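Engineer: Quick one: the structure is below, and I'll ask about it shortly.
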């Protein structure tokens, strides 16, 4: 096996490499590519609104199969010749082995087919999939690790819609719910293993993934700008099959010759990349034994024109498009990093250079294809607005909350001449029009500082079925019929992790004018799945009071409807041997009605969607009347900056069952989601 030799920056000889990794037929995949009035001043501050401290193989979920990939799935033919993809395993075949030890971001331990690069920083075994491991320069059969059993009935987990977008969201929703649950369970045992990789292993073992089979170009169900918090998420949806390597490639036929072709790259900060331009990326090749010396990443050898580097070089000459996943910082994330799909790029040129460590490196200039939706550019604009809100253009009012929210809420109109919504009183808390009849005292804990996982003496844990409802980073673990946060009578401090929603809004919201749907709500911040968004505030009233609003009763929130996506939002308990979840465990209709016509907050601007990204969760923390909890809103999935926040209003005109709001009769739906019902209310 030989590779190109580099002398003085010139490639003298290039010979194609043959992968030593086992080759498998790729299962069948999709052959179709989806790209994817002048009002008076309207806000005053409320006097009570001060902030508070189957194995059946339903595509693309597949059982292991020997069916060859369809030619249409391989990618886009090059201009200078036709090609088709060789049958290649897109990732680990089921059942799966994944190394659960911590992997450094940006590490380059594996090639495009699981082969080990020269002199990795950690000489320990690296999983190559399908029971093979790499040690030194040879591949050997490893001992079988513990396998996760396959679940025979996954009908309650697999999404019912076959639209690629819904399927991708279903995979990611199940993965993250499973990850949160595993993390919750691990806290009491202190296993020290990464919950994301454990969840990925279970998902792979049960064929719960999308877009199996490598392909060039766009991936069905993935939109430019979509966000991912873990590399394993990229693997599960077919965006990038390498859990660590930055370059993913496949062997294709060009003019009858097998050659490597790059299909995606991840720019995650492990190499000397230049990401300053939103339309151009200077990408550094892989290899050179990147490792840590004195807590600093540095190169240990010259990079070689092989594997991913060779695939990029070949793709440049053929003009193939490459998917680019960029990274951005998010201090609300433990790793501080998010991955953003930034669209398709073309490799414009390549050269060799000297890296900071003095060794030769390959450089590739990739230029973004025009006429694509914005990706990383949106992130950079939103980041600039967070730093300097005055730089946001077309602002009507810098803060419609008049300072009562933790963060200013900007009002923007880039559509028409409307000056703002109708007048309402901004309030961060609900207003109770009638006192409660119950005198049952609040149950409180006696924890000295904070509530701890597994503390059998914590009464707040007991109320929440023995577990803390939030992760250590403040994410909602799973939806419950009612969730109990610590209250003012508890001994724990305000820093207790069981006091999430009562602390108020922590996102930079923007109320904006939509195209044809009135005013809407979005955030300048990325919102991770299970993140607390805000409370639905307004006047808590009974049915008679609500009916008095007449034609304006569409502002009456009624806790009598739970959409299908939210019902499936909890983890798939069957995947880890837990009993199935009954509907009654996560939802029970409640008598509470909250009217936000005259009093409310940003939640009153959340529009309907048949494919929502927000769910509602009853929370108790300041009184004991369980029929009248606080209605807190959380993110169903990862939501990129400047993406409209939506909730499913329901489908029935019956205000007592099947609809969140008292909207009279069916209303035409303009949500535009793949599974749009055509109407709501």
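Please read every residue number as a count from 1 along the shown chain.
Including glycine, each Cβ sits where the backbone N, Cα and C put it.
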Engineer: According to TrEMBL, which listed range is region 'Disordered': 47-99, 100-152?
Structural biologist: 100-152
Engineer: I'd like the per-state residue tally for the domain 'SET' (507-650) from DSSP, helix first, then strand, then coil.
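Structural biologist: Its residues fall into 27 helix, 45 strand, 72 coil.
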Engineer: Count, for each of 443-504, 507-650, 665-681, the Cβ pairs lying under 8 Å from the domain 'YDG' (217-368), and report the range with the highest count.
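Structural biologist: Between the candidates 443-504, 507-650, 665-681, the best contact partner of the domain 'YDG' (217-368) is 507-650.
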Engineer: Give residue numbers and ranges for long-range contacts of the domain 'Post-SET' (665-681): same chain, 6 or more residues beyond its ends, CB-CB under 8 A.
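Structural biologist: Answer is 161, 163, 165-166, 516-517, 554, 607-611, 646, 648-653, 659.
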Engineer: Looking only at the domain 'Pre-SET' (443-504), report the model's average pLDDT.
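Structural biologist: The average pLDDT of the model in the domain 'Pre-SET' (443-504) works out to 95.
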